[in-house]
(Lines of atoms letter the chains of each structure in order from A and count residues from 1; the text may use other names and numbers.)
(Lines give C-alpha, C1' and ligand atoms only; values in the text may rest on other atoms or scores of the structure.)
Protein backbone atom coordinates (compact mmCIF):
# COMPACT_ATOMS: atom_id res chain seq x y z
CA UNK A 1 0.00 0.00 0.00
CA UNK A 2 2.86 2.37 0.86
CA UNK A 3 4.38 1.73 -2.59
CA UNK A 4 1.17 2.80 -4.32
CA UNK A 5 0.98 5.91 -2.14
CA UNK A 6 4.45 6.93 -3.37
CA UNK A 7 3.43 6.23 -6.98
CA UNK A 8 0.34 8.40 -6.58
CA UNK A 9 2.40 11.17 -5.01
CA UNK A 10 4.91 11.01 -7.87
CA UNK A 11 2.13 11.17 -10.47
CA UNK A 12 0.49 14.13 -8.74
CA UNK A 13 3.83 15.97 -8.61
CA UNK A 14 4.53 15.18 -12.29
CA UNK A 15 1.10 16.35 -13.42
CA UNK A 16 1.42 19.50 -11.31
CA UNK A 17 4.86 20.20 -12.76
CA UNK A 18 3.58 19.72 -16.32
CA UNK A 19 0.64 22.02 -15.69
CA UNK A 20 2.55 24.88 -14.09
CA UNK A 21 5.43 24.65 -16.57
CA UNK A 22 3.12 24.85 -19.57
CA UNK A 23 1.11 27.67 -18.02
CA UNK A 24 4.23 29.61 -17.09
CA UNK A 25 5.54 29.46 -20.65
CA UNK A 26 2.19 30.62 -22.00
CA UNK A 27 2.18 33.48 -19.48
CA UNK A 28 5.74 34.47 -20.38
CA UNK A 29 4.87 34.50 -24.10
CA UNK A 30 1.86 36.72 -23.49
CA UNK A 31 2.23 39.82 -25.64
CA UNK A 32 2.14 42.31 -22.77
CA UNK A 33 4.63 40.35 -20.66
CA UNK A 34 6.96 39.82 -23.62
CA UNK A 35 6.89 43.50 -24.61
CA UNK A 36 7.57 44.45 -20.99
CA UNK A 37 10.62 42.18 -20.88
CA UNK A 38 11.94 43.46 -24.21
CA UNK A 39 11.65 47.05 -22.99
CA UNK A 40 13.61 46.27 -19.82
CA UNK A 41 16.29 44.31 -21.71
CA UNK A 42 16.88 47.14 -24.17
CA UNK A 43 17.06 49.74 -21.42
CA UNK A 44 19.74 47.74 -19.60
CA UNK A 45 21.57 47.05 -22.86
CA UNK A 46 21.79 50.76 -23.66
CA UNK A 47 23.40 51.48 -20.29
CA UNK A 48 26.02 48.77 -19.65
CA UNK A 49 27.98 48.89 -16.40
CA UNK A 50 31.08 46.99 -15.34
CA UNK A 51 31.47 44.85 -12.23
CA UNK A 52 30.53 46.55 -8.94
CA UNK A 53 29.47 49.63 -10.94
CA UNK A 54 25.95 48.38 -11.81
CA UNK A 55 24.19 51.20 -9.98
CA UNK A 56 21.75 52.13 -12.76
CA UNK A 57 21.05 48.48 -13.51
CA UNK A 58 20.37 47.88 -9.82
CA UNK A 59 18.02 50.86 -9.81
CA UNK A 60 16.09 49.51 -12.80
CA UNK A 61 15.71 46.17 -11.02
CA UNK A 62 14.53 47.75 -7.78
CA UNK A 63 12.06 49.95 -9.64
CA UNK A 64 10.48 46.97 -11.39
CA UNK A 65 10.40 44.91 -8.19
CA UNK A 66 8.72 47.81 -6.44
CA UNK A 67 6.04 48.02 -9.14
CA UNK A 68 5.41 44.28 -8.72
CA UNK A 69 5.14 44.61 -4.94
CA UNK A 70 8.12 42.32 -4.32
CA UNK A 71 10.21 43.06 -1.19
CA UNK A 72 13.97 43.21 -1.56
CA UNK A 73 17.20 44.21 0.18
CA UNK A 74 20.23 45.84 -1.41
CA UNK A 75 22.08 47.88 1.19
CA UNK A 76 25.53 46.49 2.02
CA UNK A 77 25.16 43.40 -0.19
CA UNK A 78 28.04 43.07 -2.67
CA UNK A 79 27.94 46.81 -3.51
CA UNK A 80 25.16 46.73 -6.14
CA UNK A 81 23.40 43.38 -5.56
CA UNK A 82 19.65 43.10 -5.12
CA UNK A 83 18.15 40.18 -3.18
CA UNK A 84 14.35 39.82 -3.50
CA UNK A 85 11.79 37.46 -1.97
CA UNK A 86 8.56 35.92 -3.25
CA UNK A 87 6.40 33.42 -1.38
CA UNK A 88 5.70 32.57 2.25
CA UNK A 89 8.85 34.33 3.55
CA UNK A 90 9.48 31.04 5.38
CA UNK A 91 11.50 27.90 4.54
CA UNK A 92 12.33 26.22 2.34
CA UNK A 93 14.32 28.90 0.49
CA UNK A 94 15.18 28.32 -3.18
CA UNK A 95 17.40 30.82 -5.02
CA UNK A 96 17.46 31.91 -8.67
CA UNK A 97 20.47 33.91 -9.85
CA UNK A 98 21.12 36.41 -12.66
CA UNK A 99 24.36 38.30 -13.25
CA UNK A 100 24.23 42.01 -14.09
CA UNK A 101 27.63 43.23 -15.30
CA UNK A 102 28.81 44.17 -18.79
CA UNK A 103 32.19 43.92 -20.50
CA UNK A 104 34.85 46.61 -21.24
CA UNK A 105 34.50 46.50 -25.03
CA UNK A 106 33.02 48.64 -27.78
CA UNK A 107 29.76 47.45 -29.31
CA UNK A 108 29.99 47.13 -33.10
CA UNK A 109 26.33 46.25 -33.72
CA UNK A 110 24.50 49.17 -35.32
CA UNK A 111 20.91 49.22 -34.05
CA UNK A 112 18.48 51.50 -32.30
CA UNK A 113 19.39 50.34 -28.80
CA UNK A 114 23.17 50.16 -29.16
CA UNK A 115 25.26 50.82 -26.03
CA UNK A 116 25.32 54.50 -25.15
CA UNK A 117 28.50 54.09 -23.10
CA UNK A 118 31.75 54.14 -25.11
CA UNK A 119 33.94 51.13 -24.41
CA UNK A 120 31.28 49.16 -22.53
CA UNK A 121 28.89 46.52 -23.87
CA UNK A 122 26.59 43.72 -22.78
CA UNK A 123 28.41 41.13 -24.90
CA UNK A 124 27.70 38.12 -22.67
CA UNK A 125 23.93 38.31 -22.35
CA UNK A 126 23.72 39.48 -18.76
CA UNK A 127 21.12 42.07 -19.76
CA UNK A 128 18.95 39.16 -20.90
CA UNK A 129 19.69 37.20 -17.72
CA UNK A 130 18.46 40.07 -15.55
CA UNK A 131 15.37 40.49 -17.71
CA UNK A 132 14.46 36.79 -17.59
CA UNK A 133 14.74 36.75 -13.80
CA UNK A 134 12.47 39.79 -13.61
CA UNK A 135 10.08 37.95 -15.94
CA UNK A 136 10.12 34.98 -13.58
CA UNK A 137 9.50 37.35 -10.68
CA UNK A 138 6.41 38.73 -12.40
CA UNK A 139 5.04 35.23 -13.02
CA UNK A 140 5.83 33.93 -9.53
CA UNK A 141 4.33 37.00 -7.87
CA UNK A 142 1.04 36.30 -9.65
CA UNK A 143 1.16 32.75 -8.25
CA UNK A 144 2.59 33.65 -4.87
CA UNK A 145 -0.21 32.01 -2.88
CA UNK A 146 0.58 28.68 -4.54
CA UNK A 147 4.24 28.68 -3.56
CA UNK A 148 5.21 26.21 -0.83
CA UNK A 149 8.13 28.26 0.50
CA UNK A 150 10.18 31.26 -0.59
CA UNK A 151 11.90 32.02 -3.88
CA UNK A 152 15.00 34.19 -3.43
CA UNK A 153 15.92 36.26 -6.48
CA UNK A 154 19.65 37.01 -6.64
CA UNK A 155 20.66 39.87 -8.94
CA UNK A 156 24.44 39.55 -8.76
CA UNK A 157 27.21 41.99 -9.75
CA UNK A 158 30.66 41.30 -11.15
CA UNK A 159 30.53 37.82 -12.65
CA UNK A 160 33.14 38.78 -15.25
CA UNK A 161 36.23 38.17 -13.13
CA UNK A 162 35.13 40.07 -10.02
CA UNK A 163 33.72 37.13 -8.07
CA UNK A 164 30.44 38.83 -7.19
CA UNK A 165 28.97 35.50 -6.08
CA UNK A 166 31.67 35.18 -3.44
CA UNK A 167 30.82 38.60 -2.00
CA UNK A 168 27.12 37.73 -1.83
CA UNK A 169 27.94 34.60 0.15
CA UNK A 170 30.31 36.53 2.43
CA UNK A 171 27.46 38.95 3.18
CA UNK A 172 25.40 35.99 4.45
CA UNK A 173 22.60 36.77 2.01
CA UNK A 174 21.96 33.10 1.16
CA UNK A 175 22.70 31.47 4.51
CA UNK A 176 19.61 29.23 4.67
CA UNK A 177 19.01 28.59 0.97
CA UNK A 178 18.62 24.87 0.19
CA UNK A 179 19.35 25.03 -3.56
CA UNK A 180 20.19 27.54 -6.30
CA UNK A 181 19.66 27.59 -10.08
CA UNK A 182 21.32 29.72 -12.74
CA UNK A 183 21.36 29.92 -16.53
CA UNK A 184 23.32 31.38 -19.41
CA UNK A 185 22.19 32.17 -22.95
CA UNK A 186 23.87 30.07 -25.66
CA UNK A 187 24.05 31.56 -29.17
CA UNK A 188 25.01 28.22 -30.74
CA UNK A 189 22.08 26.19 -29.32
CA UNK A 190 18.66 26.31 -31.05
CA UNK A 191 16.00 28.39 -29.38
CA UNK A 192 13.65 26.34 -27.23
CA UNK A 193 16.43 23.93 -26.29
CA UNK A 194 18.54 23.64 -23.15
CA UNK A 195 21.81 21.81 -22.57
CA UNK A 196 23.54 20.84 -19.35
CA UNK A 197 24.88 17.83 -17.47
CA UNK A 198 25.34 16.40 -14.01
CA UNK A 199 28.76 16.82 -12.40
CA UNK A 200 31.55 19.09 -13.73
CA UNK A 201 30.30 21.43 -16.42
CA UNK A 202 32.85 24.28 -16.41
CA UNK A 203 36.45 24.52 -15.26
CA UNK A 204 38.03 26.28 -12.34
CA UNK A 205 40.10 29.27 -13.44
CA UNK A 206 42.80 31.61 -12.27
CA UNK A 207 45.02 34.34 -13.68
CA UNK A 208 48.73 35.01 -13.33
CA UNK A 209 51.12 37.82 -14.13
CA UNK A 210 54.91 37.76 -13.99
CA UNK A 211 57.51 40.52 -14.20
CA UNK A 212 60.80 39.15 -15.53
CA UNK A 213 63.70 41.52 -14.86
CA UNK A 214 67.12 41.51 -16.52
CA UNK A 215 69.43 44.33 -17.55
CA UNK A 216 68.65 46.63 -20.43
CA UNK A 217 71.06 47.84 -23.05
CA UNK A 218 71.80 48.36 -26.74
CA UNK A 219 70.52 45.60 -29.01
CA UNK A 220 73.78 45.64 -30.99
CA UNK A 221 75.85 44.65 -27.95
CA UNK A 222 73.68 42.03 -26.18
CA UNK A 223 76.67 40.66 -24.25
CA UNK A 224 76.48 43.73 -22.01
CA UNK A 225 72.81 43.09 -21.22
CA UNK A 226 70.69 40.39 -19.58
CA UNK A 227 67.82 39.89 -22.02
CA UNK A 228 64.41 39.51 -20.31
CA UNK A 229 62.67 39.01 -23.68
CA UNK A 230 64.67 35.84 -24.32
CA UNK A 231 63.95 34.67 -20.77
CA UNK A 232 60.21 35.35 -21.16
CA UNK A 233 60.18 33.47 -24.47
CA UNK A 234 61.69 30.40 -22.80
CA UNK A 235 59.18 30.73 -19.96
CA UNK A 236 56.25 30.70 -22.39
CA UNK A 237 57.48 27.61 -24.24
CA UNK A 238 58.13 25.79 -20.96
CA UNK A 239 54.67 26.63 -19.60
CA UNK A 240 53.11 24.75 -22.52
CA UNK A 241 54.85 21.58 -21.35
CA UNK A 242 52.84 21.64 -18.10
CA UNK A 243 49.76 20.40 -19.94
CA UNK A 244 51.39 18.38 -22.74
CA UNK A 245 53.92 16.53 -20.56
CA UNK A 246 52.89 16.77 -16.91
CA UNK A 247 49.10 16.53 -16.92
CA UNK A 248 47.05 13.36 -17.35
CA UNK A 249 45.65 13.53 -20.92
CA UNK A 250 42.25 12.49 -19.51
CA UNK A 251 42.30 15.37 -16.98
CA UNK A 252 41.61 18.47 -19.08
CA UNK A 253 43.78 21.47 -18.27
CA UNK A 254 44.75 24.72 -19.99
CA UNK A 255 47.62 27.18 -19.60
CA UNK A 256 47.49 30.18 -21.93
CA UNK A 257 49.85 33.16 -22.00
CA UNK A 258 47.83 35.99 -23.51
CA UNK A 259 49.85 39.02 -22.44
CA UNK A 260 53.44 39.95 -23.40
CA UNK A 261 54.69 43.48 -22.83
CA UNK A 262 58.29 44.58 -23.07
CA UNK A 263 60.29 47.29 -24.80
CA UNK A 264 59.32 50.22 -27.00
CA UNK A 265 62.25 50.44 -29.44
CA UNK A 266 63.68 48.20 -32.17
CA UNK A 267 67.27 48.56 -30.95
CA UNK A 268 66.94 48.58 -27.16
CA UNK A 269 66.84 45.53 -24.91
CA UNK A 270 64.41 46.46 -22.10
CA UNK A 271 65.10 46.09 -18.39
CA UNK A 272 61.98 43.99 -17.85
CA UNK A 273 59.14 42.14 -19.52
CA UNK A 274 55.62 41.46 -18.21
CA UNK A 275 53.72 38.35 -19.22
CA UNK A 276 50.32 37.15 -18.08
CA UNK A 277 47.63 34.63 -18.77
CA UNK A 278 45.10 32.15 -17.41
CA UNK A 279 45.07 28.55 -16.24
CA UNK A 280 42.14 26.16 -16.02
CA UNK A 281 41.40 22.71 -14.54
CA UNK A 282 38.36 20.61 -13.59
CA UNK A 283 39.59 19.37 -10.21
CA UNK A 284 40.87 21.33 -7.23
CA UNK A 285 43.89 19.05 -6.99
CA UNK A 286 44.90 19.66 -10.61
CA UNK A 287 44.27 23.38 -10.24
CA UNK A 288 46.49 23.59 -7.16
CA UNK A 289 49.25 21.61 -8.86
CA UNK A 290 49.05 23.77 -11.98
CA UNK A 291 49.34 26.96 -9.92
CA UNK A 292 52.40 25.63 -8.11
CA UNK A 293 54.15 24.53 -11.29
CA UNK A 294 53.43 27.82 -13.11
CA UNK A 295 55.30 29.71 -10.42
CA UNK A 296 58.16 27.19 -10.34
CA UNK A 297 58.60 27.22 -14.13
CA UNK A 298 58.52 31.01 -14.44
CA UNK A 299 61.09 31.55 -11.69
CA UNK A 300 63.25 28.62 -12.78
CA UNK A 301 63.41 29.49 -16.46
CA UNK A 302 64.04 33.15 -15.65
CA UNK A 303 66.98 32.10 -13.45
CA UNK A 304 68.45 29.97 -16.25
CA UNK A 305 68.68 33.17 -18.31
CA UNK A 306 70.19 35.12 -15.35
CA UNK A 307 66.93 37.03 -14.77
CA UNK A 308 64.71 37.46 -11.74
CA UNK A 309 60.96 36.84 -11.79
CA UNK A 310 58.11 37.92 -9.53
CA UNK A 311 54.84 36.02 -9.98
CA UNK A 312 51.44 37.43 -8.95
CA UNK A 313 48.25 35.35 -9.13
CA UNK A 314 46.03 38.45 -8.72
CA UNK A 315 43.69 36.63 -6.35
CA UNK A 316 42.57 39.81 -4.59
CA UNK A 317 41.31 41.57 -7.71
CA UNK A 318 40.50 38.46 -9.78
CA UNK A 319 39.56 35.65 -7.36
CA UNK A 320 40.18 32.05 -8.41
CA UNK A 321 36.93 30.52 -9.66
CA UNK A 322 36.26 26.93 -8.52
CA UNK A 323 35.02 24.35 -11.05
CA UNK A 324 31.28 24.55 -11.76
CA UNK A 325 29.85 21.20 -10.63
CA UNK A 326 26.14 20.45 -11.00
CA UNK A 327 24.35 18.58 -8.22
CA UNK A 328 23.09 15.10 -9.23
CA UNK A 329 19.67 15.42 -7.57
CA UNK A 330 19.07 18.88 -9.03
CA UNK A 331 20.04 17.52 -12.45
CA UNK A 332 17.12 15.09 -12.32
CA UNK A 333 14.79 17.86 -11.14
CA UNK A 334 15.99 20.10 -13.97
CA UNK A 335 15.41 17.37 -16.58
CA UNK A 336 11.89 16.68 -15.30
CA UNK A 337 10.91 20.35 -15.39
CA UNK A 338 12.64 21.17 -18.68
CA UNK A 339 11.24 18.09 -20.47
CA UNK A 340 7.73 18.99 -19.32
CA UNK A 341 8.19 22.57 -20.47
CA UNK A 342 10.13 22.11 -23.72
CA UNK A 343 9.75 18.45 -24.70
CA UNK A 344 12.17 15.56 -24.17
CA UNK A 345 13.96 16.10 -27.49
CA UNK A 346 14.82 19.69 -26.51
CA UNK A 347 16.69 18.79 -23.31
CA UNK A 348 20.20 17.65 -24.21
CA UNK A 349 23.57 16.87 -22.69
CA UNK A 350 26.51 19.24 -23.15
CA UNK A 351 30.19 18.44 -23.00
CA UNK A 352 32.20 20.08 -20.21
CA UNK A 353 33.90 23.30 -21.28
CA UNK A 354 37.01 25.12 -20.13
CA UNK A 355 35.20 28.41 -19.59
CA UNK A 356 34.58 29.48 -15.98
CA UNK A 357 31.59 30.77 -14.02
CA UNK A 358 31.48 32.33 -10.57
CA UNK A 359 28.18 30.49 -10.02
CA UNK A 360 30.62 27.84 -8.79
CA UNK A 361 31.10 29.79 -5.54
CA UNK A 362 27.45 29.12 -4.67
CA UNK A 363 27.86 25.44 -5.49
CA UNK A 364 30.68 25.08 -2.97
CA UNK A 365 28.23 25.88 -0.16
CA UNK A 366 24.77 25.17 -1.62
CA UNK A 367 23.50 22.42 -3.94
CA UNK A 368 23.44 24.23 -7.29
CA UNK A 369 22.58 23.71 -10.93
CA UNK A 370 23.66 25.70 -13.99
CA UNK A 371 22.40 25.25 -17.55
CA UNK A 372 22.63 26.78 -21.02
CA UNK A 373 19.56 28.20 -22.76
CA UNK A 374 19.54 28.18 -26.56
CA UNK A 375 18.61 31.23 -28.62
CA UNK A 376 19.77 30.41 -32.16
CA UNK A 377 17.10 30.68 -34.85
CA UNK A 378 18.21 28.90 -38.04
CA UNK A 379 15.94 31.10 -40.16
CA UNK A 380 17.65 34.27 -38.92
CA UNK A 381 21.24 35.45 -39.22
CA UNK A 382 23.87 33.39 -37.41
CA UNK A 383 24.56 34.76 -33.93
CA UNK A 384 28.10 35.70 -32.96
CA UNK A 385 29.82 34.11 -29.98
CA UNK A 386 29.79 35.41 -26.44
CA UNK A 387 32.24 38.29 -25.81
CA UNK A 388 32.15 39.31 -29.47
CA UNK A 389 31.64 43.04 -30.24
CA UNK A 390 28.99 41.82 -32.73
CA UNK A 391 27.10 39.74 -30.13
CA UNK A 392 23.31 39.96 -30.29
CA UNK A 393 20.43 38.63 -28.21
CA UNK A 394 17.54 36.87 -29.90
CA UNK A 395 14.83 38.37 -27.71
CA UNK A 396 12.51 35.45 -28.40
CA UNK A 397 14.59 33.63 -25.75
CA UNK A 398 13.27 35.82 -22.93
CA UNK A 399 9.99 33.92 -22.27
CA UNK A 400 11.83 30.60 -22.15
CA UNK A 401 14.25 31.78 -19.50
CA UNK A 402 11.50 33.39 -17.42
CA UNK A 403 9.32 30.27 -17.57
CA UNK A 404 12.18 27.91 -16.76
CA UNK A 405 13.20 29.97 -13.74
CA UNK A 406 9.63 30.10 -12.46
CA UNK A 407 8.97 26.41 -13.12
CA UNK A 408 12.19 25.18 -11.54
CA UNK A 409 11.53 27.24 -8.41
CA UNK A 410 7.85 26.51 -7.84
CA UNK A 411 8.12 22.78 -8.51
CA UNK A 412 11.26 22.47 -6.36
CA UNK A 413 9.49 24.07 -3.38
CA UNK A 414 6.56 21.70 -3.78
CA UNK A 415 8.85 18.67 -4.04
CA UNK A 416 10.96 19.81 -1.10
CA UNK A 417 7.87 20.16 1.07
CA UNK A 418 6.83 16.62 0.12
CA UNK A 419 10.27 15.11 0.71
CA UNK A 420 11.38 17.06 3.78
CA UNK A 421 8.61 18.56 5.93
CA UNK A 422 9.68 21.99 7.13
CA UNK A 423 9.25 21.03 10.77
CA UNK A 424 11.90 18.34 10.37
CA UNK A 425 14.42 20.53 8.55
CA UNK A 426 17.56 22.09 9.97
CA UNK A 427 16.80 25.54 8.59
CA UNK A 428 15.85 28.68 10.44
CA UNK A 429 12.57 30.45 9.86
CA UNK A 430 14.27 33.44 8.25
CA UNK A 431 16.77 33.93 5.45
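Yeah, the Cβs are placed from backbone N, Cα and C, and that goes for glycine too.
Over in TrEMBL, the protein carries these features:
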BINDING   124, 126, 160, 184, 387  Mn(2+) binding site
DOMAIN    204-301  domain 'Peptidase M20 dimerisation'
SIGNAL    1-21  signal peptide
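Of the binding-site residues 126, 184, 387, 126 has the largest number of other Cβ atoms within 10 Å of its own Cβ. Same-chain residues with CB within 8 A of the center of the 124, 126, 160, 184, 387 CB atoms, the Mn(2+) site residues themselves not counted, are 99, 101, 103, 122, 123, 125, 159, 386.
Cβ-based neighbour count (10 Å, all protein chains) for residue 160 (Mn(2+) binding site) stands at 20. Looking at the domain 'Peptidase M20 dimerisation' (204-301) alone, the prediction's average pLDDT is 97. Within the same chain, residues at least six positions away from residue 124 (Mn(2+) binding site) with a Cβ under 8 Å of its Cβ are 102, 103, 160, 386, 387, 391.
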